[in-house]
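Features as listed in TrEMBL:
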| type | residues | note |
| --- | --- | --- |
| REGION | 1-33 | region 'Disordered' |
| DOMAIN | 33-173 | domain 'Casparian strip membrane protein' |
| TRANSMEM | 41-59 | transmembrane segment |
| TRANSMEM | 79-100 | transmembrane segment |
| TRANSMEM | 112-137 | transmembrane segment |
| TRANSMEM | 160-180 | transmembrane segment |
Amino acid sequence: MEKSSEKSNGVAARSPMALMGSARNGTEEEGNTSMRTAETMLRLVPMALGVAALVVMLKDSQSNEFGSVSYSDLGAFRYLVHANGICAGYSLLSAVIAAVPRPSTMPRAWTFFLLDQILTYLILGAAAVSTEVLYLANKGDSAITWSAACGSFAGFCHKATTSVIITFVTVLCYVVLSLVSSYRLFTKFDAPVNYTSKTIETTVFHG
């Protein structure tokens, strides 16, 4: 009887701790689920923006008494279309991967970090080059005898400007994604190469 009472007391004594542990685990799981959902949505936003910018630019062409012009006539706009397509595909793939409940590992964190950085510079370069072309189309350049074309092809320039603006919004989304992936990587994992202070002091002394 004494042993049974001791066991029951032990169970009663451990029950609050067990309940606290289960409650803590439940809170952590809810927090991880919320973060995973937020990251998934954040990765889907640039996909929608990239598709929108791509479609607007693909439909950008105009013909009138002055001639005809299309986005395919300008290399910068072709680059913008390809960059938005690549970023949209990557955003969809990364959103699917982020939505899957898996433990965060170093290879996965590094992959997200590197790809987010690469895609950020890719889409930023496309937006910057297209902005320069739009500036020349609006202002012209007398040094290279490039006249302002937007006066004759206002509709073409309007659509191109819309696509470039959407692309810059996509750039902002990728900047945020890069910050999130870098924060997640460098707060959870150490650098690939870790030199101790003693090794550094020895190297400096011998140098």
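Our numbering is plain: 1 for the first residue shown, then up by one each step along the chain.
Just so you know, glycine gets a Cβ as well, placed from its N, Cα and C.
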By Cβ distance under 8 Å, which residues at least 6 away from the ends of the transmembrane segment (160-180) in the same chain are close to it?
39, 42-43, 45-46, 49-50, 52-54, 56-57, 60, 71, 77, 80, 83-84, 87, 113, 116-117, 119-120, 123-124, 126-127, 130-131, 134, 137
Where DSSP helix means H, G or I and strand means E or B, what are the helix, strand and coil counts for the domain 'Casparian strip membrane protein' (33-173)?
111 helix, 10 strand, 20 coil
Could you give the residue numbers and ranges of same-chain residues that sit at least 6 residues beyond the transmembrane segment (79-100) on either side and whose C-beta is under 8 angstroms from one of its C-beta atoms?
36-37, 39-40, 43-47, 50-51, 53-54, 57-58, 71, 112, 115, 119, 122-123, 125-127, 129-130, 163-164, 167, 170, 174
